[in-house]
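These notes are about the structure you will find just below.
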């Protein structure tokens, strides 16, 4: 049997013959046993086997030890303090008890592993010493340690919230590379150096982060801070790791407003004006070098509304207010311009306020002239400024629809009657035609005439009658051609309007009748002559 002493613990290892193997470590203590014998011991002497035996220590008190580091334990075992690499070799124990016995021990001295050096060729190092690599990059790993004999190096990887896994071990190759780093390779990398002789090991764990910038452009916006008139600037650049840095500046001029990891800045009204621009400049630890940016422009609101609205007593009316051009969106309020200070109208059973985007409506139910008539104010509150527009609401009695309809019908009938009268007055014409005269003059002559009233509607009818008379005259002339016809032939015609002077009309007929009688007598005399 053989005794193995490592760090003060004794182990029995199999060996060939009586040779024992003991392993010790540099700067540690070790005990070499003289055989595996129990009971009383004889005279024991220890030698170091070099080219020739060298005396080290004896149980004979008259022989001092070769070095103070050597001492006997249990009157037989050699105890060596503070081992060094030079202590490695073969040792022999001689025991004289009745007979002389020799026991050989082989002492091996192990060293290390010490001073493990891990080198990870990553993209960069954070101020706290943490290494990081850019996604898609290549990372080289190496691990070195001073040890005797040379250690076995093994790499382990442990991702977040996962168990460790080995990358394999090798006695000669202690480096490797990872290509195309990805986020799932972020975690702790451990280099373990194992001394196969002493079984002592050391390990160094290094955290490696995998960084990547956001894939899209940053977004920024402005909004009113809740409960105040402060303007809140917000900038976001999501999708990367770790979070980027945000810098807000005024444009133009480049005056720095604030810098933070959150991308949020609060501005007072004194820092704002209509049309002012603010630029958010973002930067990430792995680029791009020029960073990315976005701009917001502050705009004041503009209001649009109907200046006047009417509501009937007991009815409903809706007032509309449209806000445009405001950035950030303005807060819309409805007020009554009756008291000072103005009172904000709150939703109630008679007042319904709705808002769709930047359009707001105020609906008033059961209109009352005493309570509701007057000015209403639509106000748009913005960090840039406040805009107001007034709307006048008139409350009236309901209209008499029946009376209105009757009046309209009466007006229509009256207009129709007037138009008809005008047509009858100006357009129709009444005519009288006959062989006798009118009035008392005709009666005195004792001639009977048939009075005929002829209505001539237009100039075309008069022209047609003239044409017919001319045709009759031409036919009469053709019939009387062989006869001797007087040189003068008169045809008289009298036309009188219905509303003309009857007396003048009678005189006219009388004159024409006298002429006609004379002509007819002449014609009769001509006809009585023989042909």
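Cβ coordinates are placed from backbone N, Cα and C, and glycine is handled just like the others.
Taken from TrEMBL as is:
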type	residues	note
DOMAIN	14-94	domain 'Ig-like'
DOMAIN	113-205	domain 'Ig-like'
DOMAIN	213-299	domain 'Ig-like'
DOMAIN	301-394	domain 'Ig-like'
TRANSMEM	401-426	transmembrane segment
REGION	459-489	region 'Disordered'
COMPBIAS	459-474	compositional bias 'Acidic residues'
COMPBIAS	475-489	compositional bias 'Basic and acidic residues'
REGION	505-531	region 'Disordered'
COMPBIAS	512-525	compositional bias 'Acidic residues'
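Secondary structure of the domain 'Ig-like' (14-94), assigned with DSSP and counted as helix (H, G, I), strand (E, B) and coil, comes to 3 helix, 36 strand, 42 coil.
When pLDDT is averaged over the domain 'Ig-like' (113-205), the result is 90. Broken down with DSSP, the domain 'Ig-like' (213-299) shows 3 helix, 43 strand, 41 coil.
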